[in-house]
Amino acid sequence: MELDMETMAASIGVSVPVLRFLLCFVATIPVSFLWRFVPGRLPKHVYSAFSGVLLSYLSFGVSSNLLFLLPILLGYAAMVLYRPKCGIITFFLSFGYLIGCHVYYMSGDAWKEGGIDATGALMVLTLKVISCAINYNDGLLKEEDLREAQKKNRLIKLPSLIEYLGYCLCCGSHFAGPVFEMKDYLEWTEGKGIWAHSDKGPSPSPYGATLRAIVQAVICMAVYLYLVPYHPLSRFSEPIYQEWGFWRRLSFQYMSGFTARWKYYFIWSISEASIIISGLGFSGWTESSPPKPKWDRAKNVDILGVELAKSSVVLPLVWNIQVSTWLRHYVYERLITKGKKPGFFQLLATQTVSAVWHGLYPGYMLFFVQSALMIAGSRVIYRWEQAIPMSMGLVKKALVFINFAYTLMVLNYSAVGFLVLNLHESLALYGSVYYIGTIVPITLILLGYIIPAKPARSKARKEQ
């Protein structure tokens, strides 16, 4: 069997541990499908937890479940022992533990070299544990003091331990997400909320949407396998890269980021299929006639939305969607002082938390600081565009195109740090294109103060 695994791994150009993970990851689709046939609430929770434990064991070994056990128990203990502060306690304990694991395993180096470990799954699990504790904490607060997301997700009653374990490890959804809320998990398991029988009919069939996600995953993997031999990260350290001119280097940086994204598109498409086929991905009905089911809860990426983004501002809404939603609800919005508008501090703090969540590599830090600058610069262009009267349609269109080109350039320039991780190499590669992706956003931010623009419509302000 091991020989067969080695042969299979070699045939697709990955290591045996990565192949084992991929097989277990794809297996989350039939495992999630079988959940539909488990009778009763308690058996469903047991099945969710047990299947997650089993898939983790088969993918990473017994140590992975021991790795997951501590943050799970710490989060639950905080909710049981000290509810008034369980959210903040769980936040810092879970992130502290995750940081310690990042430092110990140095997973980024393993991922670059084709290896894999359980740290990626721990990252998803950390967000689920924290959100559950914060929502239980929110259950003590007055409803009028809560934002809409807090009202929707807060927990009045402490989940049982088996409910909590089922939520954390649900059918292997901790492998790559998407992150979802405890309240949604409970309502899905109990057939309540949007999963209850309604006048729009019984729960919709997930099979068409699942098939679409699987086909998307196959296409994404095919594109990645086609592109990666032509744009390997090793090219950055080869002498030929230094011989290229500015535009050739910049275009190679673009293609490196573009190529790498298809790997993530594949992973998220598989996880989307898994969540959809279980039924958990259902997020309600459209207002059309007849109504159609929506599967937004399972969606983690909008591929065309990323590659054709008209503004950097929309990227968090189309890339790693559920983690971006988590960051908005549990970091960004909670840093805003009541009665005041959010500013660059909230944006930078949120991006910093995201960077730490990914790992303590300098490349991650550089990427997410760059992201904050990129979004701030894009907002300036957007405000200028909104200030142009409709009679100057050509100028407005030119600014829209400039924002699109700016987003494309700065995103892929910034992604270099995310890909190579090393500080010296990241800075050297940024320097090889004269730090254009850093200088342009900073220049735009400064110009935003020098040439202020008032949006023509209040609606435009709200969207940004």
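Note: Cβ is positioned from N, Cα and C throughout, glycine not excepted.
For reference, TrEMBL has these:
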type     : residues : note
TRANSMEM : 12-35    : transmembrane segment
TRANSMEM : 47-74    : transmembrane segment
TRANSMEM : 86-106   : transmembrane segment
TRANSMEM : 118-137  : transmembrane segment
TRANSMEM : 158-176  : transmembrane segment
TRANSMEM : 209-227  : transmembrane segment
TRANSMEM : 264-285  : transmembrane segment
TRANSMEM : 355-377  : transmembrane segment
TRANSMEM : 398-421  : transmembrane segment
TRANSMEM : 433-452  : transmembrane segment
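Same-chain residues lying 6+ beyond the ends of the transmembrane segment (209-227) with a Cβ under 8 Å from its Cβ atoms: 12-13, 29, 255, 258-259, 262-263, 265-266, 269-270, 272-273, 276-277, 281, 293, 295, 298, 303. Only residues 6 or more beyond the boundaries of the transmembrane segment (86-106), in the same chain, are considered here, and those with a CB under 8 A from a CB of the stretch are 67, 70-71, 74-75, 78-79, 117, 119, 122-123, 126, 129-130, 133-138, 330, 356-357, 359-360. Proximity of the transmembrane segment (118-137) to the transmembrane segment (264-285) is not established, fewer than 3 Cβ-Cβ distances being under 8 Å for residue pairs spaced 6 or more apart.
Per-stretch counts of Cβ pairs under 8 Å to the transmembrane segment (47-74) identify 158-176 as the leading one among 12-35, 158-176, 264-285, 355-377. Scored by C-beta pairs under 8 angstroms, the transmembrane segment (158-176) has its highest count with 12-35, from the stretches 12-35, 264-285, 355-377. Beyond the transmembrane segment (355-377), the same-chain residues lying 6 or more positions past its ends with a Cβ under 8 Å from any Cβ of the stretch are 95, 98-99, 102-103, 107-108, 119, 123, 126-127, 312-313, 315-316, 344, 347-348, 406-407, 410-411, 413-423, 426-427, 430, 437-438, 440-445. Sequence-distant contacts of the transmembrane segment (12-35) (same chain, six or more residues past either end, CB-CB distance under 8 Å): 2, 5-6, 44, 47-48, 51, 55, 58-60, 114-117, 171-173, 175-176, 210, 214, 225, 267, 270-271, 273-275, 277-280.
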